[in-house]
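Novice: This is the structure, below, for whatever I ask next.
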Amino acid sequence: MTATLERRESASLWGRFCDWITSTENRLYIGWFGVLMIPTLLTATSVFIIAFVAAPPVDIDGIREPVSGSLLYGNNIISGAIIPTSAAIGLHFYPIWEAASVDEWLYNGGPYELIVLHFLLGVACYMGREWELSFRLGMRPWIAVAYSAPVAAAAAVFLIYPIGQGSFSDGMPLGISGTFNFMIVFQAEHNILMHPFHMLGVAGVFGGSLFSAMHGSLVTSSLIRETTENESANAGYKFGQEEETYNIVAAHGYFGRLIFQYASFNNSRSLHFFLAAWPVVGIWFTALGISTMAFNLNGFNFNQSVVDSQGRVINTWADIINRANLGMEVMHERNAHNFPLDLASVDAPSING
C-alpha cells in the first residue's frame, strides 16, 4: 500500500513538472527544448566572460607562439577575443579531462571548443523552443524557420568551416577584431567576395535593411490619427484593438505613385512574407557558401590576366583583387608558413633547360 502511494505521488510530481515545463502561462516559456537550452547557453556565456577577461595566451598555430586574447593579458574590448583551439589539437574533441592539466587545456585553447559547441547546441535548442511555443499556441511554424538563417550562419563559421579546413584553429575567433581577421583571411584564401552565394547574402542583408526601413516609415507615415494635434499619434493605439492602425490603401497609393503601381504590395500578408523571406533566403545562401568554401570550392578567380596581341597585361579589377588576396595571405600566420599556399603549390620551373 505504501509503495503504491509513493509511486502515485512520484508520478504526480513528474506530471506537475511536465505541466510546468510545457505551460504557456509562465512568464518565460521553458519547453523541452529549453531544458537543454538553458544550461548550454549559461555554460557558453559564463565561460566566454571568464575567458574574455582572464584566459592566458593560446598557441593557435601550434608552433609554440601563444597569442593573447583576454583583457588581463593586454587587450581591450576591441582587440580582445576568445582565441580558437590550437592547430595542434585539430578537430579532436578536447574537453578539460583530455588535457594533462588545466594549464595545458588553456594553453591549447580548450575554452573556444567548449564555448562554441555549447553555444551551437544552445541556439539550435532556442530554434526548437520557438517552434515548440508556436505549436503550443496554435501558431504557424515560420518564426523558427526564419531563425534557422542565423543558426545556419553560426554553424557554418564555427563548425562546418573548421571541419572542412581540418582544425578548430581555423574557426572564427570570438571577438571584434578576431571576426575582422577571420573575414580578411577568408577573402585571401577563398575569394569570398567573388562567390555568388556571398553576393546573395549581401543583397539579403542590405535589401532587408532597406525594406524594413521602407515598411516602417510607410506605416508610421500613414497612421490613422485617433488623437488631437497636441498628443502623440502613438497614444491613439490600444493594444489588441480590432481596428486597423494604419491605412494600407494610403501607403499603397503613395508607394505606387513614387515608383510604379506594381512595385507596391496591396496584400499585407504577401508583404510581410516577403519582408521575412528576403533576408532569410539571403543568409541561407551565405551560410551555404561558407560551407562549400570550407571544402575549398572557392569564389570565382581570374588568375589568368587579360593580355593584348603583344602579350602585354591589360590590368583589370580581377588583377587588383588577386594582388590584394596574395598580400593578405602572406601576412597572416606569417611564422607558420614560408610562402602563401597559392605560390607554394605552383610547380617549380625546370632548370634543365
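Placed from the backbone N, Cα and C atoms, the Cβ positions cover glycine too.
Worth saying up front: this structure is predicted, and the values here are computed from it rather than measured.
Residues or ranges marked as N-acetylthreonine by Swiss-Prot on the basis of sequence analysis: Thr2. Per Swiss-Prot, transmembrane segment is recorded for 29-46, 118-133, 142-156, 197-218, 274-288, and the stated evidence type is sequence analysis. Annotation source Swiss-Prot lists pheophytin a binding site at Tyr126. Per Swiss-Prot, [CaMn4O5] cluster binding site is recorded for Asp170, Glu189, His332, Glu333, Asp342, Ala344.
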Novice: At the Cα level, what's the spacing in Å between Glu189 ([CaMn4O5] cluster binding site) and the residue listed as 'pheophytin a binding site', rounded?
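Specialist: Taking the Cα atoms only, Glu189 ([CaMn4O5] cluster binding site) lies 33 Å from the residue listed as 'pheophytin a binding site'.
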Novice: Using a 10 Å cut-off on CB atoms, tell me which of the binding-site residues Asp170, Glu333 is the least crowded.
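Specialist: Each of the binding-site residues Asp170, Glu333 was scored by Cβ atoms within 10 Å; lowest is Glu333.
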Novice: Run through the Cβ atoms and count how many others sit within 10 Å of the one on Tyr126 (pheophytin a binding site).
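Specialist: Result for Tyr126 (pheophytin a binding site): 19 other Cβ atoms within 10 Å.
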Novice: I need the most crowded of these binding-site residues: Glu189, His332. Count other C-beta atoms within 10 angstroms of each C-beta and give me the top one.
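Specialist: Within the set of binding-site residues, the most crowded position is Glu189.
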Novice: Would you mind reading off the Cα separation of His332 ([CaMn4O5] cluster binding site) from the residue listed as 'pheophytin a binding site', to the nearest angstrom?
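Specialist: Spelling it out, the Cα of His332 ([CaMn4O5] cluster binding site) and the Cα of the residue listed as 'pheophytin a binding site' are 36 Å apart.
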Novice: Just the number: how many Å between the Cα atoms of the residue listed as 'pheophytin a binding site' and Asp170 ([CaMn4O5] cluster binding site)?
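Specialist: Just about 26 Å between their Cα atoms.
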Novice: Check the DSSP secondary structure of His332 ([CaMn4O5] cluster binding site), expressed as helix, strand or coil.
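Specialist: Its secondary structure by DSSP: coil.
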